[in-house]
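Colleague: Let me give you the structure first, and then I'll get to my questions.
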Amino acid sequence: MPPTNYHLLVCAGTGCRASQSEAIVQALHEALEHHGLLSHVQVVRTGCFGFCEQGPVVKVMPDNTFYVQVSPLDAEELVAEHLVKGRRLRRLLYADPLTGHAIGDASDMAFYKKQIRVALRNCGFINPENINEYIARDGYAALARVLGELTPEDTIAIIKESGLRGRGGGGFPTGLKWELTRKAAGTQKFVVCNADEGDPGAFMDRSILEGDPHSVIEAMAINAYCTGASAGLVYIRAEYPLAIKRLRHALEQAREYGLLGENILNAGFNFDISIRYGAGAFVCGEETALIHSMEGGRGEPTVKPPFPSESGYQGMPTNVNNVETYANIPIIVLKGAQWFRGIGTPSSPGTKVFALAGKVNNVGLIEVPMGITLREVIFDIGGGIKDGKKFKAVQTGGPSGGCLTEKHLDVPIDYDNLLAAGSMMGSGGMIVMDEDDCMVAVAKFYLEFTVEESCGKCAPCRIGNKRLHEMLEKITSGHGVPEDLNRLRSLAQVIKDTSLCGLGQTSPNPVLSTLAHFEHEYQAHVNEGRCPAHRCKDLVHYVIDAESCIGCTLCARACPVDAIAGDKKQPHVIDAEKCIRCGACLEKCKFGAVLLT
Amino acid sequence: MAIVKIPQQKLEALTQICRSHHNQAGELINVLHAAQQLFGYLPAEVQEVIANELNISLAKVYGVVTFYSFFTMLPKGEHPISVCMGTACYVRGAEKVLDEFRRLLKINIGETTPDGRFSLSCLRCVGACGLAPVVMVGDRVFGRVSPDKVPDIIHEFAPEYTV
Ligand SMILES: Cc1cc2nc3c(=O)[nH]c(=O)nc-3n(C[C@H](O)[C@H](O)[C@H](O)COP(=O)(O)O)c2cc1C
Ligand code: SF4
Ligand code: FES
């Protein structure tokens, strides 16, 4: 069989690049050259496939074979077996964790079965640095349709009818926002894309910009047409160098093709986009802060109203939407509002992209229809909890959200249900925690983040969160008293009620939700001086069980502070005074003799 | 305040940066990004020049520099080490990795080793959460780092270190 038409898709997202995917591309080129196939087979660097846990990933098209954990050394064999001999290289296929069977076709993997790709439709399929590949998949057809056939009002009506809600966290109806910006009075208007993605542990927007930057550019142009804006701005985190590079490249290409600039598609429509860089401040994701930051100032929020749609960048009406919100627009324009409403739930149509991370087997980027349950996400797509441990909680909504527990596993995920369950959709971070995680320490972790990121403008957030954090510090270090729990609750409520912006208004959520669902863990800390998950250093004690210890001396040699004494073949003893609770002995002991109390 | 004289050549490059942003106050953050790339950090003298060029007060420049964690007024080490403290990395044990760097390099977060080789900081999510815990040294990303891999990472950049 002549191996024509093969495409080798190599993930070139941040995750896979960190594990050498660039070297794999080189090695594949060499192997193809060696077999004389260089002119028949294309190697394409694509955006993220989502299955980051098993990266670096190489996909062979058209037969949709999915190779995982590929190393540059595998390139020669992969080309020789798959492309020359026409058979899959079993060794590199993904093995189903339940059955152990190697799976060849990506669509048979549990990880992909329940996913629907709308916002991520092109990620991992096209070369993000080549505008022609985007165009070949109906790219810019929506812009052409809007400019050629539809009025701004028609277009806004489609978006409104689709029921699309903002994916940046708030869930505000997108069509309505566009309409408000259109109706607002102003000599000039702006379109802004919020690519600040501050939630730590979330990487949805980054992956879209790295894998499919043109979809965002196209949507911003459509928005400009609808709202009457003449300039667009993308506010992107400086921590995302690859996304910045791809976006800049895409902007240049779009200008070359006359899709940005003057008289776009001969429709007499002018629009261009420039980039603004963040500088590491979470609060700049809040839209008013973001606007101040784009103007060159400190990113401090201001009171709403006025909303940006009335008075935003340079005091002009400004439409701010999130990256993923924009990525949905072109396909809604092409396929229609009814098609979109066919996915998801009535109050939250469409899909949501989540960054699934933490203690699950399949860490990665997933896109699922709204209405799917947490159980399906964590156990079917995520492949369950790592190392066979027990599921404890999942945090959605990042530092503004809350944790959901076992009893929420069957709740259908949408904006309203998550709010009702005491968390929120947020931008899509989903962190899974297992029995080894202490929920008090998790709440403290998020508070640490908030304290660091509070802009300091208003007192409840600046001072209140600091005090909350101090109380949690006191509890996790073993100095808590029972009254502390009520103090936590009432202070948290004050902060929520009186803070100026969304950061302060939501920052106590991790405390309140862990208190609601895991009060017994707080109780154990304050009443018994015990951390049930053995996570809080000051509350755990390492001891050696004399019965199981055979005196191999491994632990004594591993201890960095010489806290372990004992003769060879005699049970050892840990000096609690010297012990710094680093856990080195526990890791080294092969006989399970080191115990935590 | 110690007076650090900016070498003439770099001074020209700095004013050139301001000019390429049309000396506009609204471009302050972009100017600071470019200036930090040029100098490695943003000492007071650099801020003074920028304030003059953009015709804004030094207080405003200083206010912006100190607001954003990306900007620093202290020089970093030759090999800046950043341990990711994003949530995904945290739940997979990033704290222990950070402790190990602190112990072995004998510096705290935000500090630089006396010989200027390494500096240590935390950051929040580089977007490689699938590889958690993640450590960055300069541009290099190290994934699935455990405390016992820390000496190897240090040795890769400073083979003569005895840790
Ligand atoms: C503290 C805080 C942080 C936020 N961070 C982000 C962010 O990183 N990305 C984002 O798109 N929206 C973020 N938002 C929401 C924005 O303010 C705004 O609602 C959103 O960009 C609107 O776009 P959408 O309607 O398309 O979701 C944040 C809000 C708050 C209060
Ligand atoms: S709530 Fe916090 S982040 Fe928001 S304005 Fe007040 S101090 Fe700043
Ligand atoms: S949380 Fe560390 S890379 Fe995302």
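Along the chain as shown, the residues are counted starting at 1.
A Cβ is built for glycine as well, from the same backbone N, Cα and C atoms used for every other residue.
From TrEMBL, here are the annotated features:
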- B:Cys84, B:Cys89, B:Cys125, B:Cys129: [2Fe-2S] cluster binding site (BINDING)
Colleague: So, in DSSP terms, is B:Cys84 ([2Fe-2S] cluster binding site) helix, strand, or coil?
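Modeller: Note: B:Cys84 ([2Fe-2S] cluster binding site) is in a strand by DSSP.
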Colleague: Could you work out which of the binding-site residues (B:Cys125, B:Cys129) has its C-beta surrounded by the smallest number of other C-beta atoms within 10 A?
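Modeller: Counting other Cβ atoms within 10 Å of each of the binding-site residues B:Cys125, B:Cys129, the minimum falls on B:Cys125.
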Colleague: Please check each of the binding-site residues B:Cys84, B:Cys89, B:Cys125, B:Cys129 and report the ones with a CB atom less than 6 Å from an atom of ligand 1, ordered along the sequence.
Modeller: none
Colleague: DSSP three-state call for B:Cys125 ([2Fe-2S] cluster binding site): helix, strand or coil?
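Modeller: Once the DSSP labels are grouped into three classes, B:Cys125 ([2Fe-2S] cluster binding site) ends up as coil.
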Colleague: Which number gives the other C-beta atoms within 10 angstroms of the C-beta of B:Cys89 ([2Fe-2S] cluster binding site), all protein chains shown included?
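Modeller: There are 32 of them.
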Colleague: When you measure from the Cβ of B:Cys84 ([2Fe-2S] cluster binding site), which residues in the chain that are at least 6 apart have a Cβ under 8 Å away?
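Modeller: The list for B:Cys84 ([2Fe-2S] cluster binding site) reads B:Ala94, B:Cys122, B:Leu123, B:Arg124, B:Cys125, B:Val126, B:Ala128, B:Ala132, B:Pro133, B:Val134, B:Val135, B:Met136, given in order along the sequence.
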